[in-house]
Amino acid sequence: MANPSRQAVNFAAPRRFATAFKADCKETFFPDDPFHEMKHEKPLNKLKKTIQYFIPLFEWLPNYNLRLFRYDLLAGITITSLAIPQGISYAKLASIPPIYGLYSSFIPPFVYSIFGSSKHLAVGTVAACSLLLSETVGAKASPQDDPTLYLHLIFTATFFTGIFQTALGFLRLGILVDFLSHSTITGFMGGTAIIICLQQLKGMFGLIHFTTHTDVVSVLGAVFRHRNEWRWESAVVGIIFLAFLQFTRYLRQKRPKLFWVSAIAPMVVVVVGCFFAFFAHAEKHGIQIVGELKKGLNPPSIQYLNFDPQYLPVTVRAGLITGLIAMAEGIAIGRSFAIMKSEQTDGNKEMIAFGFMNIIGSFTSCYLTTGPFSKTAVNFNAGCRTAMSNVVMGFCMMLTLLFLAPLFRYTPLVALSAIIMSAMLGLINYDEMIHLFKVDKFDFVICMAAFLGVSFISMDVGLMLSVGLALLRALLYVARPAACKLGKIPNSSLYRDTEQYPGSTPIQGVLVLQLGSPIYFANSTYIRERVLRYIKEEQGVSDSKTDIIEHLLLDLSGVSSIDMTGIETFLELRRILDSKGIKLSIVNPRIEVLEKMTLAKFTDAIGKESFYLSIEDAVQNCRFSLHSSKTTMEEC
């Protein structure tokens, strides 16, 4: 006899496959449901909003005014003062001629301003990807022995980066970026900062010969092997520049309103370095300079893309790895600054914008660009309001390339080394690593795998080690899902984990278990064994003659999906429970789970009366059943 007050579970006919598949795809690829607001719009307005959605420029430009431009103009000029020395420095890090670093800050900003969704992101080259390109492509073509081939392969790798990023954006696969966890990025950036800083010892000591490897042991070995090339003049100048840059960073931290001092400091170092090198004839004292920088805008490079099968594997590999890192870094930085203004950025739009930047960049003598932290922070602090600040930077870089580029030929390499080292020292987040150790030891291990792997092996190996550990952790969560026993909170209808709430009371003759993850072939056996172990623990002994549990309630409200192996496991569990005289009941299965159970005839096998809408409803019915059973036994 059933409890008359029981609420009925809705056993609606399962949705068609096409309907369910469409809903799953929508939730996976369009979680923000961008077209919901357009549903009832007129066709013309719907077209307008669709264009605005896919091309953000048309969303903010119609409302743009002179008041906003004043802020963006100041921000654009400020980030240009940082883009010039960084462009030259990071091109040196990528082992390509410095002028290509300036080229890479001209075309990409215009592209991003059209397709990018962030108001604060300032685009440009980044140190980590510059070094990674040099390491990966340099293993196949030497930048010293065959600089032309090496440069062409860099353009080709940038092209593949753009194709990869654009494809991910159009396919709405921003979810892939989530596999680079916060712990991985923290460790990777820290390890990268270490090896980049050590690599700058070549410029600081004025070394001529050096290693092509990036790991700590190889770099330090090369530094000490060539002690005969050390120049104290270069070291003194480098230390002075580095001390000045670090002082401006310290000043910015103490007085945030003076951020502009830190922003223009690299440009000051370059200008002072140029004057010093020119008037002191620095080259005669072992202080190397950048050399000739040609005046003029970006020449086309589409004809230099190299798809020779001999080099294709290395360019594709370099493009994919650097593309993923650049994408993760740029999206994370854009989101971080958007949160400060209670705004949002669209990861998929950002991927498309980065992809177009790099595709067009590879056609116009640019190498990989994304959203660097330092430049974005300066852009944000300078008060930018829209992506117009990138347009201003692009025009400023155009004027630099047309008229000012040759003036930077006297830039000392030691000045560029100081600029890179100063920027990298800010990327080693010791506090975050300590915080990870205190909060989650496994996250700390993931972070250290990236940090030590990058530092002592190579950048790509360190990244893969860290991502591998993160995936292993995720698989462990899937294979060993959390389950808990529920008890009733006194004087309420709430049921909570008995371990978390020791004051909760068990229900006589009823065991309530809550499962909290999808049930798949990988974890179904574990779930079955864990449920039976809960029963054994509750009984106190394994002898079925002393059973005190008569009802098992499985709360599936946290189970998002189930496969056929999971359903078979439930059928097997039911047979085992029947042999022990225990009745299995299901509480609040979600629509996806209930549909699978209906199609697999599981609901018919255990009876629809064994499904309940809530734990309280199920417990009341079990008590009613236990009371009826007890009354029947007494009458007999």
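If you go along the chain as it appears here, the first residue is 1 and each next one adds 1.
The backbone N, Cα and C atoms fix where each Cβ goes, glycine too.
These features come from TrEMBL:
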type	residues	note
TRANSMEM	150-173	transmembrane segment
TRANSMEM	179-198	transmembrane segment
TRANSMEM	205-224	transmembrane segment
TRANSMEM	230-251	transmembrane segment
TRANSMEM	258-280	transmembrane segment
TRANSMEM	318-339	transmembrane segment
TRANSMEM	351-370	transmembrane segment
TRANSMEM	390-408	transmembrane segment
TRANSMEM	413-430	transmembrane segment
TRANSMEM	442-472	transmembrane segment
DOMAIN	500-622	domain 'STAS'
What stretch of 179-198, 205-224, 258-280, 351-370, 442-472 shows the most Cβ pairs under 8 Å to the transmembrane segment (390-408)?
-> 258-280
Stretch of maximal Cβ-Cβ contact with the transmembrane segment (318-339) [cut-off: under 8 Å; candidates 179-198, 205-224, 413-430, 442-472] = 179-198
Can you say which of 179-198, 205-224, 258-280, 351-370, 413-430 has the most Cβ pairs under 8 Å with the transmembrane segment (442-472)?
-> 179-198
With pairs 6 or more apart in sequence, are the transmembrane segment (205-224) and the transmembrane segment (179-198) linked by at least 3 Cβ pairs under 8 Å?
-> yes
Cβ under 8 Å to the transmembrane segment (179-198), counting only same-chain residues 6 or more beyond its ends: which ones?
-> 93, 127-128, 131, 214-216, 219-220, 223, 324-325, 328-329, 332, 420-421, 424-425, 427-429, 432-433, 436, 443-444, 446-455, 459, 462-463, 466-467, 470-471
Surrounding residues of the transmembrane segment (413-430) on its own chain - C-beta under 8 Å, 6+ positions past either end | 85-86, 88-90, 92-93, 127, 186, 189-190, 192-194, 196-197, 200-204, 206, 234, 237-238, 241-242, 245-246, 249, 266, 269-270, 272-273, 287-290, 373-374
Mind looking up the mean pLDDT for the domain 'STAS' (500-622) in the predicted model?
-> 86
For the domain 'STAS' (500-622), jot down how many residues DSSP puts in helix, in strand and in coil.
-> 60 helix, 22 strand, 41 coil
